[in-house]
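From TrEMBL, for reference:
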DOMAIN    19-380  domain 'Cation/H+ exchanger transmembrane'
TRANSMEM  53-71  transmembrane segment
TRANSMEM  83-103  transmembrane segment
TRANSMEM  149-168  transmembrane segment
TRANSMEM  180-198  transmembrane segment
TRANSMEM  218-248  transmembrane segment
TRANSMEM  269-290  transmembrane segment
TRANSMEM  302-320  transmembrane segment
TRANSMEM  332-352  transmembrane segment
TRANSMEM  364-385  transmembrane segment
Amino acid sequence: MGFKGGTKFRTSHRGTAAYQLGGVMMGPSLLARHKSFTSLVFPFTSDFVLENLGRMGLTLFLFVIGVKMDLGLLKRSGKKHLYIALASVFGPLLIVSIVAVLTRESMDEELARVSSIGEIALSLSVTTFPVHYTILEELNLLCSEVGNMALSIALISDAIGINFMVVFEAMKQGDGSAQSIIWYSISCVVMAAFTPVIRRAMVWIIEQTQEGEAVDQFYVIAILLGSFVAAFVTDMFGLGIANGSFWLGLMMPDGRPLGSTLVQKSETIITEVFMPCSFVFMGLYTDFYAMKEAGWSALRPLFGLVISGYLSKFFCTMLAAKVVGVSWRDSLAISLILSLRGYVELVLYVHWVDRNVIGLPGYSLMILGTIVVVGILTPLISILYDPSKPYMLKQRRTIQHSAQGDHLRILVCIRGKTNLPSLVNLLQLFHPTVQNPFSLHAFYLVELIGPANPVFVEHQNQELEDLSGRFPDLEIIHHALKQYQEGREECVELHLFSAATVKPTMYQDVCKLALISKAVFIILPLEKKLDGEMETTEQWGGESGSIVTQILDNAPCSVGLLVEKAERWQLPQIASYNFIVLFLGGPDSREALAFSDRMSGNPCVSLTVVRFLASNAEGDDEMQRKLDDGVVTSFWVKNEANERVNYREVVIRNGADTASAIVGMAAEKYYHMWIVGRKQGINPSLLEGLSTWSDHKEYMGILGDYLSFSESVNSDSVLVVQKQVLTGKGPNFFTPPGSI
């Protein structure tokens, strides 16, 4: 089984450890040993209330996990993933079983049962998918190669584990009498028989919901209450309280609107109220003094199982990954990830206490082991594997270094149909020809909310109708881009991609596609709200456009931020469109000039290039100045005879002079687009004093922010350009100033 997608709902893995530690500290291991604290914090029956709130949190949490999981992902796992999963499950299972046989004589009666040994061995061998999805999401590894492999292995492992768990649970029931195992089997069959009925009821609810609207609150409340009923029924049948709500979640249909509404409506109360109670409740079970009282001789067999399980899981996974061709570094990262434990295991430990598989000393030992493993392995994974490393190149992928006549590969990112006008208008003016063609890779990005498979789709290989529910604006976007391509088939190649993913890893999808498509330029559209603020928080996440910043930091090519200042659904029908380039020097300005030069061949475009020079060359970098001179000279030699291209220079003393010159240019003529370099290599004296007026300079650059938000600069749009930053080279790396 696999997650049907990421949502805003998630329990941070570090948050899990923090809650667990908080519960342990409040429990009998520390604070609860003092009667004054117990009487103040847990008076009378408060422990009963806390325990029931904790179990309610457990029920809802597992229900939401079931909603977000997709059994269909099993079909899409490769053979390599299957081999690693089999080795990582059956290797530790065999080793732990051998250790159990060797130490069985020293075990207590309950632990020595075959069913108890089987359950413990299986839990130490199986990788639970929900836990590892959360870990990879928090570490921003979901879209990485290691993350994808770990998830595939985890979902196969989870599927194996559920089947074995049912067998061992049946064996546990059989320890009482043969009649118990018969009733257990009948209960499983009855639950399975009701699955189609419940599934059909969920489909009926979706049919009653108007397209584009949320599911009625009555149905949402009824389904959430139904998770408690399902948990009660399975507990009554002996199937375990955790299984009922989880299985009900699995019955939820894929796609919107039901799953997303369920998650959105329940996430706050689960994460803010019930989950802390669950962790405190589990922490209150933990008593390290009970371990001391039990003694080493009583805990030694269980400790042997735990240590052998952790070590065999780590080494079997790492060796299996290496055997199937994974590098040592990635094999180590995968084995560390799959060795982690989380909330699902904690729930299982409580279940073992309820079923007398282990006592409180054994439970406390398992909790201690989980805390230690999570505390050690999580930072090791962060140190060992950098998800951005694969996207950083040591070769140039820029417009400046693209030869004339080669396909200019451009990646356009789209978050919705509102981005289309500015993008299509820009593409119409780009002027591709048979001699200078370009490949357009359009990438439609959708944030995952509720149950939806994390997907990456190339639409040449899949029909649009199959994905309309998951990508609501897909047909509109496809139609607009195909309309743009009409009449340009010989010089424009169009490739349409879509991805549904969570915001923290969205930049990885963009960088990965840019790498695969060999793009030299990424265009990110940014919109302004009615109040003049930037739309990056809603579209790209974070108060300072965190996804935009991550793309700028990790992109394997140059990037352009396109800010739409005037909302136009189509270009005005005029004879000439005026573009202006503000050249302040540095790599970004050189790339901005190269971008503009590609448009200078369009007979409908008039281009003005203004070079800003510091008075007396104060603050200039000599190397950057020489590179700028070479590029500007090459540009002017090429376009000197072009009457639609103008070039002039302005001498500036400080940022106030720069702002004054820009305002004067805006008053002199209306420019439809202002193009400027972001920040690399700009002489600081040219921007002195402007930074105090800039609210979005972290990703827009000081001048880009000023042009985008200044009321004195009227235009249709602003393009802020950043040149590719090579791995280990930095912005000042020297390249010969070849022709644009």
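Cβ from N, Cα, C; glycine included.
Automatic, uncurated: that is what TrEMBL annotation is.
Tell me about the surroundings of these features in the structure.
Sequence-remote contacts of a segment are chain residues at least 6 beyond its ends whose Cβ falls under 8 Å from one of its Cβ atoms, and for the transmembrane segment (83-103) they are 77, 117-118, 120-122, 124-127, 149, 152-154, 156-157, 160-161, 300-301, 304-305, 308-309, 312-313, 316-317, 319-321, 323-324, 334, 338.
For the transmembrane segment (332-352), same-chain residues at least 6 beyond its ends with a Cβ under 8 Å from one of its own Cβ atoms are 11, 13, 16, 20, 58, 61-62, 65, 84, 88, 116, 119-120, 123, 127-128, 130-132, 134-136, 141, 146, 149-150, 153-154, 157, 240-242, 279, 282, 285, 310, 313-315, 317-318, 321, 326, 358, 362-363, 366-367, 369-370, 373-374, 377-378, 380-381, 384-385.
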Could you tell me what the rest of the chain brings near the transmembrane segment (364-385), counting residues at least six beyond its ends with Cβ under 8 Å?
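Cβ under 8 Å, 6 or more out: 13-14, 16-17, 20-21, 24, 29, 135, 139, 141, 144, 146, 282-283, 285-288, 290-291, 299, 302-303, 306, 310, 329-330, 332-333, 336-337, 339-342, 345-346, 349, 358.
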Is the transmembrane segment (269-290) packed against any residues at least 6 beyond its ends, judged by a Cβ distance under 8 Å, and which are they?
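Answer is 9, 11, 16, 19-29, 32-33, 47, 50-51, 53-58, 60-61, 64, 346, 349-350, 353, 359-361, 363-364, 367-368.
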